[in-house]
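Novice: To start, I am sharing the structure in question, which I have written as structure tokens.
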Amino acid sequence: MPHQQMLMLFGLLPVATNISTWWNFGSMLLTCSALQVLTGFFLAVHYTANIDLAFSSVVHIMRDVPYGWMMQNLHAMGASMFFICIYIHIARGLYYGSYLNKETWLSGTTLLIMLMATAFFGYVLPWGQMSFWAATVITNLLTAIPYLGTTMTTWLWGGFAINDPTLTRFFALHFILPFGIISFSSLHVMLLHEEGSSNPLGTNSDIDKIPFHPYHTYKDLFMLSVMITLLLTMISFYPDIFNDPDNFSKANPLVTPQHIKPEWYFLFAYGILRSIPNKLGGALALAMSIMILLTMPFTHTSKLRSMMFRPFMQLMFWTFAATFLVITWTATKPVEPPFTMISQVAALIYFLFFISNPIMGWMENKIMKV
């Protein structure tokens with residue numbers, strides 16, 4: 001039977017013996033994706049995409065729908081878990097040179113952009129105070145595009161300001177984009193298995209492989225159990241830990257929050273945007289903070305794939321990781337000294353990591369005389 005052959009192939013799928021826990025985040029992302037689609041469907045059943053009713057419908061889900069509080073918290077906290085997993089997944093790709101599998105890396109970066117768009121549209125849907133103002137600030141960046149900007153913004157809003165048509169189309173986009181993410185995820189996995197996974201040493205894995213099942217199946221299941229336990233603990237004891245207090249009040253276009261900020265997983269990009277005192281420059285830096293990942297396969301000059309044996313690049317990588325956290329922190333602070341200076345320095349170091357990658361590679365090759 002074809003399905004039996006498929007299962008047999010999956011069981012016999014050869015995988016490198018030495019891949020570590022950092023390789024488990026792909027399966028964790030797949031689980032997060034399934035969870036988001038499932039909980040999202042049940043929320044969409046009870047949600048009303050209307051500016052007068054959206055906020056009330058979310059309150060209704062939380063209070064009146066059986067297990068609605070669980071669905072809503074799982075969906076909101078699941079998004080945070082999704083981004084934690086994807087950022088670790090990307091960091092692992094950067095550290096161990098997985099980006100040299102070009103097609104997989106480029107499809108993965110496209111997936112990240114689609115995921116960020118989906119999460120942004122989802123953040124607007126509850127029509128809370130922070131949802132409304134974050135949407136206003138971010139969509140307004142389109143006006144920085146010369147000639148086309150104003151037209152594109154009006155088209156996206158469905159009018160001359162954020163209103164009912166905006167919420168309707170954001171809901172439609174939030175509903176449809178996950179299906180694109182699922183399609184791209186399938187493509188991502190297919191492209192990965194054309195060449196196979198890399199390993200921590202960055203060497204050819206063909207000399208030492210074991211079947212995927214049962215070894216890696218149980219390893220994946222263990223990490224999934226840890227993730228789901230953490231997720232359920234968070235929604236049970238700290239359901240509002242990532243929520244903004246302003247979002248518990250209905251959107252009011254006449255009252256601006258003291259400090260407008262998006263969800264925590266966008267703060268690094270938002271921090272880079274705010275660090276540049278120019279609208280177009282900030283918008284370009286925001287786009288480049290994600291798009292620069294696309295350059296990695298083309299700027300790798302070192303003869304070694306993994307950073308495991310590259311001490312200079314290890315130092316650069318961990319500086320980059322610390323910078324990511326610093327920018328996230330500064331983005332939560334008001335636009336005033338010393339936070340503006342810290343975010344500008346951190347943004348510069350963030351981009352320096354990608355610029356220094358080929359230079360470090362050349363230096364290492366010279367030192368090793370290869």
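Keep in mind that glycine also has a Cβ here, set from the backbone N, Cα and C atoms.
Bear in mind that the values here come from a model prediction, so they are computed numbers and not experimental data.
Copied straight from Swiss-Prot:
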TRANSMEM  25-45  transmembrane segment
TRANSMEM  69-90  transmembrane segment
BINDING   HIS75, HIS174  heme b b562 binding site
BINDING   HIS89, HIS188  heme b b566 binding site
TRANSMEM  105-125  transmembrane segment
TRANSMEM  170-190  transmembrane segment
BINDING   HIS193  ubiquinone binding site
TRANSMEM  218-238  transmembrane segment
TRANSMEM  280-300  transmembrane segment
TRANSMEM  312-332  transmembrane segment
TRANSMEM  339-358  transmembrane segment
Novice: If you measure HIS174 (heme b b562 binding site) to HIS188 (heme b b566 binding site) at Cα, how many Å is it?
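Specialist: Distance between the two Cα atoms comes out at 21 Å.
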Novice: Report, as numbers and ranges, every residue of the chain located at least six residues beyond the transmembrane segment (69-90) whose Cβ falls under 8 Å of a Cβ in that stretch; write 'none' if there are none.
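Specialist: Distant contacts of the transmembrane segment (69-90): 22, 25-26, 28-29, 32-33, 35-36, 39-40, 42-43, 58, 61-63, 108, 112, 115, 119, 122, 227, 230-231, 234-235, 239, 242-243, 263-265, 293, 324.
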Novice: Could you check whether the transmembrane segment (25-45) and the transmembrane segment (312-332) come into contact, where contact means at least 3 Cβ pairs under 8 Å with the two residues of each pair 6 or more apart in sequence?
Specialist: no
Novice: Tell me the Cα distance separating HIS89 (heme b b566 binding site) from HIS75 (heme b b562 binding site), rounded to the nearest angstrom.
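Specialist: The Cα atom of HIS75 (heme b b562 binding site) is 20 Å away from the Cα atom of HIS89 (heme b b566 binding site).
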Novice: Long-range neighbours only, meaning 6 or more apart in sequence with Cβ under 8 Å: which ones does HIS193 (ubiquinone binding site) have?
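Specialist: LEU13 - these are the non-local Cβ neighbours of HIS193 (ubiquinone binding site), listed in sequence order.
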Novice: List the same-chain residues at least 6 positions away in sequence whose Cβ sits under 8 Å from the Cβ of HIS188 (heme b b566 binding site), in sequence order, or say none.
Specialist: THR104, SER107, GLY108, LEU111
Novice: Please report the number of other Cβ atoms within 10 Å of the Cβ of HIS75 (heme b b562 binding site).
Specialist: 21
Novice: Where's the emptiest Cβ shell within 10 Å among the binding-site residues HIS89, HIS174?
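Specialist: Output over binding-site residues HIS89, HIS174: least Cβ neighbours within 10 Å is HIS89.
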